[in-house]
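J.: First the structure, then my questions, so here it is.
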Amino acid sequence: MDFTKPETVLNLQNIRDELVRMEDSIIFKFIERSHFATCPSVYEANHPGLEIPNFKGSFLDWALSNLEIAHSRIRRFESPDETPFFPDKIQKSFLPSINYPQILAPYAPEVNYNDKIKKVYIEKIIPLISKRDGDDKNNFGSVATRDIECLQSLSRRIHFGKFVAEAKFQSDIPLYTKLIKSKDVEGIMKNITNSAVEEKILERLTKKAEVYGVDPTNESGERRITPEYLVKIYKEIVIPITKEVEVEYLLRRLEE
């Protein structure tokens, strides 16, 4: 997939192939996070002992926002498939702009679900993938680092729904124009949903978790991530939020 060539990006098969590759990345990021405790203090704003000068927020927010500032300076967020968690902190790069062609509608950056992704990650995903409950102050930095990797992978996967939505819109402009004009959210949701594809995703994730989630050379080794939890995360979080992204993007598609 080449973002300088829109025809490769809006090809549904290319999009599906990219989403499959993202599965591997997300699984491995989850496995890395699974070595640590839940560490709730990392997510608590202004937690005693984790106060940060001139910053109001959690240790994770501080680490993530500062990383995004650095990444913005090297053009990360110029790429159409990257969505920042702190868009108001993004800085202009000193590198020459790549000048990607317009692939998505101009309002696409405004379709940003990262606040929701971060909230559901902390509240629902962390308890499923962590080694145990509780804090481990010696590993706060490592935990935040792994969390950022997980969040960025989830964000990219979920916001790829904008490319899915644009490709589907282009594939049947009359149908989607009618649905958008009538603000038929249910109709849009019905047309973007492919239950057979979703079922294949869950089946594939089950197999991947069975293979990746345990060390095959250690028969007594603990399973680092279970197929049940991985399927639950995709079925109840990743897929539904991706479809929310698609619907919001499509509802605005006829804007001038």
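In case you wondered, yes, glycine gets a Cβ from its N, Cα and C as well.
OK, Swiss-Prot features for this one:
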{"type": "BINDING", "residues": "R75, R76, N139, G141, S142, T145", "note": "L-tyrosine binding site"}
{"type": "BINDING", "residues": "N138, N139, G141, S142", "note": "L-tryptophan binding site"}
{"type": "DOMAIN", "residues": "3-255", "note": "domain 'Chorismate mutase'"}
J.: Taking only the binding-site residues R75, R76, T145, which one has a CA atom nearest to the CA atom of N138 (L-tryptophan binding site)?
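T.: Given the candidates R75, R76, T145, the nearest one is T145.
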J.: Among R75, R76, N139, G141, S142, T145, listed as contacts of L-tyrosine, what is the widest Cα spread in Å, to the nearest whole number?
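T.: The span, Cα to Cα at its widest, is 30 Å.
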J.: Using other CB atoms within 10 angstroms as the count, which residue among the binding-site residues N138, S142 scores least?
T.: N138
J.: Tell me whether R75 (L-tyrosine binding site) sits in a helix, a strand or coil according to DSSP.
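T.: Where R75 (L-tyrosine binding site) sits, the three-state DSSP reduction gives coil.
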J.: For T145 (L-tyrosine binding site), list the number of other Cβ atoms lying within 10 Å of its Cβ atom.
T.: 17
J.: Residues near the L-tryptophan site, N138, N139, G141, S142 excluded, by Cβ within 8 Å of the Cβ center?
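T.: Counting only non-site residues, the set is F36, D136, K137, F140, V143.
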